[in-house]
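Q: In case it helps, Swiss-Prot gives these features for our protein:
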type	residues	note
BINDING	30, 92, 132, 470	(6S)-5-formyl-5,6,7,8-tetrahydrofolate binding site
BINDING	237-242, 256-262, 281-284, 342-345	GTP binding site
BINDING	237, 256, 258, 261	K(+) binding site
BINDING	241, 262	Mg(2+) binding site
DOMAIN	227-393	domain 'TrmE-type G'
């Protein structure tokens with residue numbers, strides 16, 4: 001990685017804070033590049049004896065092109081490179097939030113010579129190119145911004161603090177040590193003592209196992225990062241909408257005693273034990289002549305196909321019916337599912353239990369109800385939450401320390417595969433130089449994770465997924 005700022009011909013600018021009409025007390029317009037200070041001095045009028053000193057906040061006004069009209073009252077901060085986020089000269093203009101003030105300030109900045117609008121993720125990309133961040137830290141910042149739960153934010157912060165970088169760099173250095181031993185034997189075997197191939201191979205196997213464990217852990221971490229989609233399915237009037245409202249802690253869906261009340265797919269975003277979950281209340285699935293209701297049923301099938309887990313709700317007071325069995329058969333075999341008996345409050349628990357056993361019998365291939373609950377009273381709610389998290393493997397994600405994103409997972413897996421090929425070369429007693437081929441590939445893959453071995457074209461593709469202003 002480069003440790004001194006890379007010269008960029010253009011200075012970039014963008015709004016670095018979320019902006020919505022009428023929302024937000026303040027917003028930040030960020031500039032980075034060689035003209036940042038000049039542009040800041042041009043658009044911001046600083047009264048009195050205040051001096052433009054690095055890392056000192058100044059008070060002033062953004063003026064229009066004529067210098068007569070005040071566009072906004074602002075605070076401005078100059079950060080001279082390399083002591084800035086990007087490693088370049090950076091100016092941040094803190095103006096009032098909302099829409100119009102921010103837009104006018106940004107337009108005033110972009111009207112200056114040698115300034116253009118920043119591309120998505122371009123500030124972070126410059127930080128990586130200038131050695132202020134490694135690639136895993138930059139990606140972790142993006143994940144921190146997008147985090148939908150406290151646990152996801154904590155996991156992202158570990159990456160921001162360099163947790164992923166340290167882990168990957170340590171593994172890569174261990175491989176580099178082994179590669180240096182091998183290459184020395186290839187070039188100067190006569191001058192060196194014999195190499196213990198078994199010991200070297202054991203070290204490569206240890207690194208491979210650690211990489212495979214990182215990939216396995218990361219798959220569980222995806223649950224915290226991406227969340228789960230849980231589809232509530234069942235016949236009309238079994239209490240799906242009541243269950244959605246219960247879990248959402250608000251009246252998200254209309255609830256009546258009339259079958260077919262829900263005619264579209266309703267969604268509710270919640271967080272359960274640190275896991276972001278999208279609850280999808282589907283229209284009751286049944287045969288119908290109502291075109292509007294049928295449209296809702298079609299969308300229910302689409303929601304089911306996109307779900308991570310299906311919660312099939314049936315009415316305990318009516319028992320398991322042929323329609324329930326038909327719905328169960330429509331759930332894809334590879335989709336995790338839970339059978340949930342609702343309306344347990346309508347009869348004593350002992351009656352509900354006996355009704356469950358008697359009604360299910362062999363009609364569901366020996367499967368029993370996973371949870372009995374009452375969406376009305378909340379009875380069984382905690383059991384349902386635990387069952388959903390366990391079914392999706394989310395419970396196992398709670399203890400993770402670091403979790404690779406998908407790009408990092410793919411590269412770690414590629415490194416592990418390359419090390420497996422190295423082991424095959426050893427088993428076939430191939431010469432040392434055959435070992436080095438795949439070992440170099442593993443080292444290269446790990447270098448791509450941290451950005452030590454990566455092209456700017458690949459960086460462009462990675463950072464294009466970031467938000468503008470980051």
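Glycine is no exception: its Cβ is also placed from the backbone N, Cα and C atoms.
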Q: Mind telling me which of the binding-site residues 132, 240, 343 has the densest Cβ neighbourhood, counting other Cβ atoms within 10 Å?
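A: Result of the Cβ crowding comparison: 240.
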Q: By a simple count, how many Cβ atoms lie within 10 Å of the Cβ of residue 30 ((6S)-5-formyl-5,6,7,8-tetrahydrofolate binding site), its own Cβ left out?
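A: So the number of other Cβ atoms within 10 Å of residue 30 ((6S)-5-formyl-5,6,7,8-tetrahydrofolate binding site) is 24.
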Q: Count the Cβ atoms, other than its own, that fall within 10 Å of the Cβ of residue 241 (Mg(2+) binding site), considering every protein chain shown.
A: 25
Q: Provide the number of Cβ atoms within 10 Å of the Cβ of residue 237 (GTP binding site), excluding the reference atom itself.
A: 20
Q: Measuring Cα to Cα, tell me the gap between residue 240 (GTP binding site) and residue 132 ((6S)-5-formyl-5,6,7,8-tetrahydrofolate binding site) in whole angstrom.
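A: So the alpha carbons of residue 240 (GTP binding site) and residue 132 ((6S)-5-formyl-5,6,7,8-tetrahydrofolate binding site) sit roughly 51 Å from each other.
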Q: Going by Cα-Cα distance, which of the binding-site residues (30, 92, 132) sits nearest to residue 237 (GTP binding site)?
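A: Given the candidates 30, 92, 132, the nearest one is 30.
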Q: Return only the integer: C-alpha distance in Å from residue 92 ((6S)-5-formyl-5,6,7,8-tetrahydrofolate binding site) to residue 241 (Mg(2+) binding site).
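A: So the alpha carbons of residue 92 ((6S)-5-formyl-5,6,7,8-tetrahydrofolate binding site) and residue 241 (Mg(2+) binding site) sit roughly 48 Å from each other.
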Q: Using C-alpha atoms, which one of the binding-site residues 30, 132, 343 comes nearest to residue 241 (Mg(2+) binding site)?
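A: With Cα distances computed to residue 241 (Mg(2+) binding site), the winner among 30, 132, 343 is 343.
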Q: DSSP secondary structure for residue 241 (Mg(2+) binding site), reduced to helix/strand/coil, please.
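A: DSSP assigns residue 241 (Mg(2+) binding site) to helix.
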Q: If I take the alpha carbons of residue 343 (GTP binding site) and residue 30 ((6S)-5-formyl-5,6,7,8-tetrahydrofolate binding site), what is the distance between them in whole Å?
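A: For residue 343 (GTP binding site) versus residue 30 ((6S)-5-formyl-5,6,7,8-tetrahydrofolate binding site), the Cα atoms are 56 Å apart.
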Q: Can you tell me the three-state DSSP label for residue 132 ((6S)-5-formyl-5,6,7,8-tetrahydrofolate binding site)?
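A: SS state of residue 132 ((6S)-5-formyl-5,6,7,8-tetrahydrofolate binding site) = coil.
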Q: Please average pLDDT over the domain 'TrmE-type G' (227-393) for the predicted structure.
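A: The predicted confidence over the domain 'TrmE-type G' (227-393), as a mean pLDDT, is 73.
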